[in-house]
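Take a look at the structure below.
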């Protein structure tokens with residue numbers, strides 16, 4: 001017995017579990033999408049900050065080169081300061097063939113500098129010291145934590161080893177960090193509390209001294225100040241709007257289908273005296289009950305997703321280099337839940353208003369959702385020639401219920417738009433920060449004083465290094481050829497802007513670009529084959545035709561507006577000829593034999609520079625000079641044994657002061673960790689978007705077909721076979737997938753264009769039509785719609801026709 005009309009909501013939810021479950025899934029997935037995006041954003045920011053601290057070796061946001069008591073007191077008394085400490089530089093102590101640079105730190109500086117530790121701990125009392133790990137072979141190959149070392153006639157206990165940084169190692173200078181709380185004559189390092197008023201505190205600290213005395217750690221502070229970047233704020237707003245609209249549409253679809261199929265029930269209630277307000281109240285009450293169930297499940301699902309990604313990341317990273325992407329921000333969860341609550345009530349308001357305004361008699365007749373067709377003797381005459389009756393019936397069904405058709409198409413549009421928008425965006429994130437290059441496999445490098453002078457590498461040394469047990473590959477690099485190349489109008493990239501240098505030659509204005517030809521040996525050039533996008537990497541042809549391999553992409557800055565640009569620098573193609581004038585005015589002509597997208601061998605690439613690659617033989621042909629080896633790059637089988645191999649090579653070259661050995665293992669590990677982090681986050685995000693979009697489509701189609709049991713049973717009752725009925729529904733699904741996927745692709749392209757217009761200011765990225773992705777999206781939409789029909793149709797096959805018609 002019903003005591004109150006409001007209890008109808010509870011009874012409906014209990015008695016129609018399948019319909020309720022499908023609606024519930026739509027709300028849960030929408031909440032999971034929004035909250036997961038928020039947690040992704042927080043986790044990404046957290047991991048980027050941690051990664052930056054690890055790569056720099058400290059967590060300071062600002063540093064004073066000199067300071068007085070006034071500055072110190074203001075820093076000390078600022079409630080938004082997390083850590084501050086003094087770092088004083090002492091003597092440079094000669095130790096064997098290296099230099100130990102004394103750095104005295106207090107307890108506050110220890111907290112800031114601890115990110116530079118490779119092993120052990122920072123010194124916390126007098127007589128303790130930390131030194132660079134790469135110094136072990138220079139001091140004692142068996143050196144370990146706890147051993148004693150004498151620096152400037154003072155004995156210290158080694159408590160930690162520091163990460164290796166290339167610039168210091170190349171100059172054979174190692175840090176010797178010593179604890180001393182009494183010194184106040186050095187630099188003052190300050191770390192701001194990120195949970196406080198970060199931007200305001202940073203500006204206050206910068207104002208305490210003149211610009212020349214203050215160093216801001218911009219690579220770290222900018223990560224905390226995303227909100228102050230107008231372009232980034234616009235980007236966040238655009239993405240939020242896209243997701244919010246998608247969320248409302250997804251939830252609206254669920255309510256619209258649900259309510260539309262219950263119009264007869266609402267009509268009966270209206271005929272028994274229920275008012276419009278009461279009908280709306282029933283719908284809103286159902287929405288509230290569903291929210292109470294969906295919110296905790298959706299939040300747990302999104303939190304679980306983040307922890308799964310963290311587990312994947314941990315399994316891929318080394319134990320001593322773990323990063324956390326878990327950042328369960330309560331504010332994010334509350335905002336996500338609030339958005340879903342608003343979206344659900346907005347989505348339920350329209351169907352509630354719709355059923356409240358329907359005449360009871362029209363609602364009971366169940367004809368309100370069906371559009372009656374006008375009778376024409378010759379209708380679809382042309383279509384009948386090419387399409388069978390099952391396809392024609394499917395098209396008629398779409399026209400008979402235009403609202404249902406719109407809801408179904410919208411479901412595909414939303415999913416396709418989300419997929420294209422975010423997949424296109426994250427693909428370029430991978431291109432910028434999530435790609436591994438060959439230089440990250442170079443563990444050790446033996447260099448001469450310069451790559452351009454006449455310093456020579458002993459060829460016997462190459463053989464000795466290659467024979468070491470743990471050495472996998474040895475690559476040789478030769479001196480560069482540098483100069484400038486003329487860039488004619490047909491070879492310019494207009495989107496790049498003013499990145500070329502103009503010169504007036506004999507009254508004619510010509511444009512040039514700084515050009516460098518990198519020269520490598522056969523082993524290195526063989527690696528290029530897997531990266532080429534056009535042409536052939538054939539060493540015999542390259543040598544016989546003075547050939548080069550063109551690196552098409554690069555970084556540039558507009559000479560006029562200083563706008564950054566990343567992408568293709570010229571329109572040179574395979575078989576084109578490039579004329580290079582070197583710094584001495586000598587002219588070289590080279591032929592493009594193959595093209596690769598990015599520079600896979602060099603860590604540092606100059607701005608506004610065209611990069612080419614060739615062989616030592618071509619360099620010899622061009623310069624008419626004997627080519628000497630500039631440096632040797634070594635790829636180890638097991639990078640964990642890098643110190644052993646470093647010592648072996650060091651013993652080979654220690655008598656020659658022209659050589660330097662650089663250990664890249666720590667740098668490579670840090671870069672690969674960052675790359676892996678980006679890949680896990682990006683691909684994880686794409687997977688979540690794809691999964692949620694696919695389930696949304698399957699959910700909508702399943703709900704649509706399940707709630708059409710009476711209609712489909714009528715078709716069977718008038719003679720349509722189960723096979724023909726199944727095909728008819730499949731044709732409907734294909735139509736939804738084709739139309740929805742196409743419209744969604746167009747909408748996705750439009751959104752990506754807007755986003756890239758903003759990104760151009762941030763990263764210099766230019767928009768390209770994601771045609772391949774659009775085709776994939778449309779095909780996948782059709783496949784998903786086709787497969788989604790199979791599950792509910794199997795249930796409908798078992799329906800008793802008479803009972804299904806009677807229940808409907």
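The backbone N, Cα and C atoms fix where each Cβ goes, and this holds for glycine too.
Checking the ranges 652-679, 680-707 against TrEMBL, the transmembrane segment annotation falls on 680-707. The range from 160-183, 184-207, 208-231, 232-255 that TrEMBL describes as transmembrane segment is residues 232-255. As stated in TrEMBL, the feature transmembrane segment covers range 405-426 out of the listed 405-426, 427-448, 449-470, 471-492. Check TrEMBL against the ranges 133-152, 333-352, 353-372, 373-392 and you find transmembrane segment recorded for 333-352.
According to TrEMBL, the feature transmembrane segment maps to residues 767-791, out of the candidate ranges 617-641, 767-791.
TrEMBL tags one of the stretches 260-286, 287-313, 503-529, 530-556 as transmembrane segment, and that stretch is 287-313.
Shown for the domain 'ABC3 transporter permease C-terminal' (685-799): DSSP residue counts in helix, strand and coil, namely 100 helix, 0 strand, 15 coil. Listed by sequence, the residues of this chain that lie at least six past the ends of the transmembrane segment (680-707) yet keep a Cβ under 8 A from its Cβ atoms are 18-19, 22-23, 25-26, 29, 32-33, 36-37, 40, 43-44, 47, 250, 253-254, 257-258, 261, 305, 309, 312-313, 316, 325, 404, 407-408, 411-412, 414-416, 418-419, 422-423, 426, 429-430, 434, 729, 733, 736, 781, 784-785, 787-789, 791-793, 795-796. Tertiary neighbourhood of the transmembrane segment (728-755): same-chain residues 235, 238-239, 242, 390-391, 393-395, 397-398, 405, 408-421, 424-425, 701, 705, 712, 715, 720, 767, 769-770, 774, 777-786, 788-789, 793, selected by CB-CB distance under 8 Å and a gap of 6+ residues from either end.
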